[in-house]
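The annotation domain 'Acyl-CoA dehydrogenase/oxidase N-terminal' is assigned in TrEMBL to 26-135.
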Amino acid sequence: MTNKKMWGGKGFFGLDYDFDPQWFLTDEQREIQRKLIELCESTLAPNAIESDRDSIFPRKNMEALASQGLLALHVPKKYGGMGQNHQCVCMVLETIARYGCASTSLVYTMHLLALSALLFRAGGNKEIEKVLRRVNKDVFIGTASYSDPETGSHFWYPMMSSAVEVPGGWKVNKKSSWTTSGGFADFYVTQTASPDFDGDFSNLSVFLMYADECEAMPSSWDAMGMRGNQSGPVTFTDVVVAKDRMVGPLGDGAFSNEEALDP
């Protein structure tokens, strides 16, 4: 990458790279950026036209990102990921949105968010580790499903949710106001009131759910450039899951929010 910022074939009229976040990036991350810009121009941007015009979920673009290993961007290398840091995540998200496809950028953001919640408690959980190893290989797309319709889509107060301990696992009920990639994602990370909930909304728990366990109603988000993200309500009704589908310990949800999702 040259020191002189270009706009098409001409010198850029604004600030040069000396005043850019570029200097935060390693040589490896700059190469990731260079290849991603090429991918955006050759694949993501052309697909964005069809996706936005016809409200099509941008799975083709997610497959293209997987071809460069980017679905596991911040997943540790021991799980088959690239092991990149938050700076690289910010750069990749901005690059996709700027040069490629806005809907893809949102879908990809929520995918990384779901992975962050899993990574926070991945150690020793074989079910989570299995998902982490699949994301690139199988183009296994995730999303976070947290908002609650009872409280105007509030993130922290899942009043229309519950989890009950049953023999061998948990029975999960969850309603989300809207979920990016709802009905198109392969796995969902969701949050409910804990099984021992007593009215204290710091007592929340996180669960890993799969596509065949949810009812989704993708809706038309009629905003220019964003019509492909397919955000809509998602419901999990009396879904019984194994013990290891709880992400982290009982009551870990608030801590997970602070340490994994909010950052």
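Each residue's number is its place along the chain shown, starting with 1.
Keep in mind that glycine also has a Cβ here, set from the backbone N, Cα and C atoms.
Keep in mind that TrEMBL annotations are predicted by a computer and have not been checked by a curator.
Break the domain 'Acyl-CoA dehydrogenase/oxidase N-terminal' (26-135) down by DSSP state and the numbers are 86 helix, 0 strand, 24 coil. If you average pLDDT over the domain 'Acyl-CoA dehydrogenase/oxidase N-terminal' (26-135) in this model, you get 96.
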